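Some notes on the structure that comes next.
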Amino acid sequence: MDLNTGPPRAGEKVGERAQMLQGQDATTKHPRIVFTAKARNQSVGDKAKRCLRNKLRILNWIGRYNVEWGINDAIAGITLGLTIIPESIACALLAGLPARYGLCSAFVGPLIYLFFGSIDKVIIGPTSLVALVSVQFTVGKPIEFAFMLTFLSGVVQLIMSSLRMGFIFEFISMPVIKAFSSATAILVIESQIKVLLGIKYLVAGLVESVKTLFLRYGEANTGDLVMGICAIAFLVLFELLEKVADRGKGNRIWKVTCRYLSFSRTTLIVVITAIVSYVWLQSEPQVPYALSRNALSGLPNITLPVFTIETPEKTYSFWDMIAEMNVGIIVIPIIGILTNLSIGKLTPKGMVDTNHELMTLGLCNVFGSCFQSMPTSGAFTRYAISTACGLKSPMANLYSGIIVLLALVFLSPYFNYIPEATLAAILICSIFTLLDFKLPLRLWRESKRDFGVWVICFFVSVLCGVEVGLFVSLIINVAHLLYLWARPEISVKIQEVDDMQYICVTPGNGIYFPAINHLRAKVLKAAMQAEFQIPVVIDCHKVTGLDFTAAQGFVKLAGGLKCEDDEQSGGRSTEALLVLYRLDVSLQKLIDNVDNLVFCESPDKIREFLTQESLRNGFINLKEHIRASIDLGYKIDMEGES
């Protein structure tokens, strides 16, 4: 019984059913899928609704939001909020800013990302990576430079989004990102060693920092070192609780307790060390280690970034600030979006709308600069926590932002009791996870080229700065792609059809002007070795593109398949036939007509051309093969035969 011939289903029009049956394949009995121009007939309201959903991504999932999602997001958001508070303070100090501005950076971005964000597990806030790079462009300058850098970074990201420049980030390969992250981890850890030792200095660059550290190691403070080592030990031990919860055989309450103690380890160590400092100061005038300072309470002032800065030494105009920050206004936006894209690729779908993410992060930074924020982005540490907490949607950004906002209003004065060594320990332990030396070992075994890219990016980033390493690696990747474009894989071999030989050439991809000379050289070399006696067939089924220069290159190739005054042929010239096999018809029109250049679409046609050439060159005896020649439709002239 043919089910397709039954009555139409409810709501199905008879005409549509008939059209579907007519569109079925006669052999497979399966309906063919036909794309219609339905999108063209959409109303203005439908187009506006679709455009709004593309921008406000919250509209795509808020309708499916339920109680289960809300509970998971609340748990994840509160946990992340408690985690991001000490990390934000540490990142602010790393960037050379007072602790307060780290918190100002951790509540505006999440609220904006809630509405526009497209990656579920991205929690916006300051990161050690962005802070480390930012300080290189703002060190020794007024604090307003940091806010202007945030504003300009957002503007650059918005411009890149509006110009649809997200494709640029496809040129940054995974080995580059991994090397970049590992180099950053090394630089952050090195920058915090001086804090663990209680030595105060702020210089840009690894070489200068290490040199200064060795010159001033005698100023190390035992109290800071002890506090830092104890904090690191605490964080490492509590991180192991998560593994205990995953592997242990205890009851569910025990596992959940261990897991959330592990997630809250940064908050716990901050609270514990702050209490120790507070109690100590009740009986002593000072503690034996450095404390974080300038943590004022209250909300930040909502104002545009200052476009003119006056200092006792100099007055900076807007253009002066741009000149001082130099390439920082390009590097910081790129580093920020790279982190978000890397996190997006770790999600189950692994697909990210780069242009939309640029727009979202740009809005976070532009609006954040009005709240005295440093540049922000997602972070791998926050991604790991959100994944472990079962985060379901960007709604966790709301809870995280509220927690930070409450801390900024009510708890800021107490941040003055947090030891700087504790914050340094938090940064070291959080950034340590970015160190990945397993990948280069694998690349060494499987891909020497990618290993070389990793090595160059890593060492250039460590020695010259992450922005230089990223730029150099980008150039290397682009140069490699250009090389593959100019030197595509080309297969050249001799094949036979009915004992008739021909040179089969198969290009690997599109042939454009950088590659045509390479193709010509390969074909002419093979034709020369065959003494221009057998045809050349170029199989173009993989050629998806052709430009005018490459098309003219095929014409010149046909002209080059000629050998004048060939001694073996008795002084007469020889000319090999060039056959372009399976070249798209739309590309054929670019190639001029030449006597020894033909197109064909089928193997039978190739056999005809080969037979014709063999007859013309005398490789096939006419009397013996006249029947085959007549069958092929050739007119045989027997005059002159003896």
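Using N, Cα and C of the backbone, Cβ positions are placed for all residues, glycine too.
According to TrEMBL, the domain 'SLC26A/SulP transporter' annotation covers 72-456.
Annotated region 'Disordered' per TrEMBL: 1-26, in sequence order.
Annotation comment: TrEMBL describes 74-99 (among others) as transmembrane segment. Panel annotation: around the transmembrane segment (74-99), residues 105-106, 123, 125-128, 130-132, 134-135, 138-139, 143, 146, 188, 191-192, 195, 202, 260, 263-264, 266-267, 269-270, 292-295, 374, 379, 381-382, 385-386, 389-391, 395-404, 407, 415, 418, 420, 422-424, 426-427, 430 of the same chain, lying at least six beyond its termini, place a Cβ under 8 Å from a Cβ of the stretch.
According to TrEMBL, the transmembrane segment annotation covers 111-133 (among others).
Long-range Cβ contacts of the transmembrane segment (145-167) within its own chain (Cβ-Cβ under 8 Å, at least 6 residues beyond either end) map to 95-97, 101, 105, 134, 137-138, 305-307, 309, 321-322, 324-325, 328-330, 332-333, 336-337, 353-359, 361-369, 372-376. According to TrEMBL, the transmembrane segment annotation covers 145-167 (among others).
Through the fold, the transmembrane segment (223-241) approaches residues 195-198, 258-259, 261-262, 265-266, 268-269, 272-273, 287-290, 419-422, 424-426, 428-429 of its own chain, all at least 6 residues removed from its boundaries and within a Cβ separation under 8 Å. Positions annotated as transmembrane segment by TrEMBL: 223-241 (among others).
Per TrEMBL, the feature transmembrane segment maps to 262-281 (among others). Long-range contacts of the transmembrane segment (262-281) within the same chain, counting only residues at least 6 positions beyond its ends with a Cβ under 8 Å from a Cβ of the stretch, are 79, 82-83, 85-87, 227, 231, 234-235, 238-242, 245, 287, 291, 385, 388-389, 414-415, 417-419, 422-423, 425-426, 430.
Positions annotated as transmembrane segment by TrEMBL: 321-341 (among others). Through the fold, the transmembrane segment (321-341) approaches residues 119, 122, 127, 129-130, 133-134, 136-138, 141, 145, 148-149, 152-154, 156-157, 160, 169, 172, 177, 180, 307, 309, 352, 354, 357-358, 361-362, 365, 375-380, 466-467, 470 of its own chain, all at least 6 residues removed from its boundaries and within a Cβ separation under 8 Å.
Annotation comment: TrEMBL describes 396-415 (among others) as transmembrane segment. Through the fold, the transmembrane segment (396-415) approaches residues 73-74, 76-78, 80-82, 84-85, 88-89, 99-100, 103-104, 106-111, 113-114, 117, 123-125, 274, 278, 292, 295-300, 386 of its own chain, all at least 6 residues removed from its boundaries and within a Cβ separation under 8 Å.
Here the transmembrane segment (421-441) has long-range neighbours at 86-87, 89-91, 93-94, 128-129, 175, 178-179, 181-182, 184-186, 188-189, 192, 195-196, 198, 224-225, 227-228, 231-232, 235-236, 239, 266, 269-270, 273, 289-290, 292, 380-381, 384, 451, 454-455, 458, meaning same-chain residues at least 6 beyond its ends whose C-beta is under 8 angstroms from one of its own. The annotation transmembrane segment is assigned in TrEMBL to 421-441 (among others).
TrEMBL lists 453-486 (among others) with the feature transmembrane segment.
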